[in-house]
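**Student:** What Swiss-Prot records for this protein is below:
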- 1-17: signal peptide (SIGNAL)
- D32: active site, proton acceptor (ACT_SITE)
- N190: N-linked glycosylation site (CARBOHYD)
- E198: active site, proton donor (ACT_SITE)
Amino acid sequence: MLSFLAALSLPLALVNAYANPGTCNGNCWAHDPGLWKHDDGRYFLFSTGNGIHISSAPSLQGPWTEVGYALPDGSSINHDGNKNLWAPDVHKGDDGKYYMYYSVSTLGSQNSVIGVASSTTMEPGSWTDHGSTGLSSDGSQGYNTIDANWIKIGDQQVLNFGSYWQGLYQIDLAGPLKIGTAAPVNIAYNATGQHAIEASFLYQQNGFYYLFFSSGKANGYDTSFPAQGEEYRINVCRSSTGRGDFVDKNGVSCLQSGGTTVLASHDNVYGPGGQGVLEDNGAVLYYHYAPRNGDLSVSSYQFGWNRLNWVDGWPTV
């Protein structure tokens with residue numbers, strides 16, 4: 001186990017490059033967070049684990065209270081990992097319902113399924129599980145079907161997904177519950193190392209679609225943290241269509257290991273990632289991170305958020 005002193009010994013160069021996270025009070029634990037604001041002003045935070053943890057708060061600052069699980073009995077999908085769901089992505093549909101996409105898998109596996117549930121309130125006990133979206137992988141494809149992210153491009157609902165292997169993909173939906181018939185399209189790939197790229201999140205701003213994603217080692221810092229710069233970090237590419245041709249600030253294609261870093265380790269923040277963007281009087285980048293003054297285990301992860309600034313058409317914190 002990495003000791004407290006070892007955690008403090010992480011490179012002191014990891015400071016002062018980025019703004020510190022916004023204030024968080026109450027139960028601020030989070031892992032691969034999904035975030036949505038209810039019409040009544042309350043914020044709902046969803047996290048990986050069991051039947052998807054739900055916390056709520058009257059403001060982004062909190063105080064946050066864990067209130068239960070979205071699917072306390074797990075998923076109806078008959079697949080390994082269906083009692084320990086990952087990477088929730090929540091949005092409000094045109095029909096007024098809230099939809100949550102989740103992943104069913106096990107660590108290191110490419111045998112994965114993306115499921116979906118719906119609710120009229122986002123409260124624990126209100127979620128109906130609809131099972132699989134029809135999007136799955138078994139190792140014979142180039143992709144891994146986890147980390148779903150929904151967006152509407154024009155009139156078309158799409159899911160972005162993927163983790164490691166051949167990277168990030170996009171597929172059209174036939175509706176909120178099922179995928180369409182078209183094949184997934186590869187939109188980002190990391191050719192370096194172990195191809196560490198995941199947690200795609202697509203956000204529209206000022207005529208562009210910004211593809212946020214996490215690169216680097218996501219966890220295990222409490223037993224063996226990576227070389228400086230190889231831990232989780234948040235990168236971005238952009239496209240004018242949202243359907244491909246994503247490039248970073250230097251013009252490097254996201255299919256050729258491109259990606260401009262938006263947020264990396266600094267000060268007390270180590271390995272930020274699993275991110276999304278909430279429109280809340282401006283764009284709010286949210287994520288989890290491991291506090292450097294803690295034990296760096298997943299159980300110590302914290303909810304982080306920063307308001308995004310836009311400089312020459314690119315997001316900064």
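Placement of Cβ uses the backbone N, Cα and C atoms for every residue, glycine included.
Computed from a predicted structure; not experimentally measured.
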**Student:** Do you know offhand how many angstrom separate the residue listed as 'active site, proton donor' and D32 (active site, proton acceptor) by C-alpha?
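**Tutor:** About 11 Å separate the Cα atoms of these two residues.
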**Student:** Would you identify the secondary structure of E198 (active site, proton donor) according to DSSP, in three states?
**Tutor:** strand
**Student:** Looking at Cβ-Cβ distances, which residues of the chain lie under 8 angstroms from D32 (active site, proton acceptor) while being 6 or more apart from it?
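**Tutor:** Set apart from D32 (active site, proton acceptor) by at least 6 residues yet with Cβ under 8 Å, we have S47, T48, W86, A87, P88, D147, A199, G274, H288.
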**Student:** Name the residue among the recorded positions N190, E198 whose Cβ has the smallest number of other Cβ atoms within 10 Å.
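**Tutor:** Output over recorded positions N190, E198: least Cβ neighbours within 10 Å is N190.
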**Student:** With H, G and I counted as helix, E and B as strand and the rest as coil, say where DSSP puts D32 (active site, proton acceptor).
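**Tutor:** It is coil.
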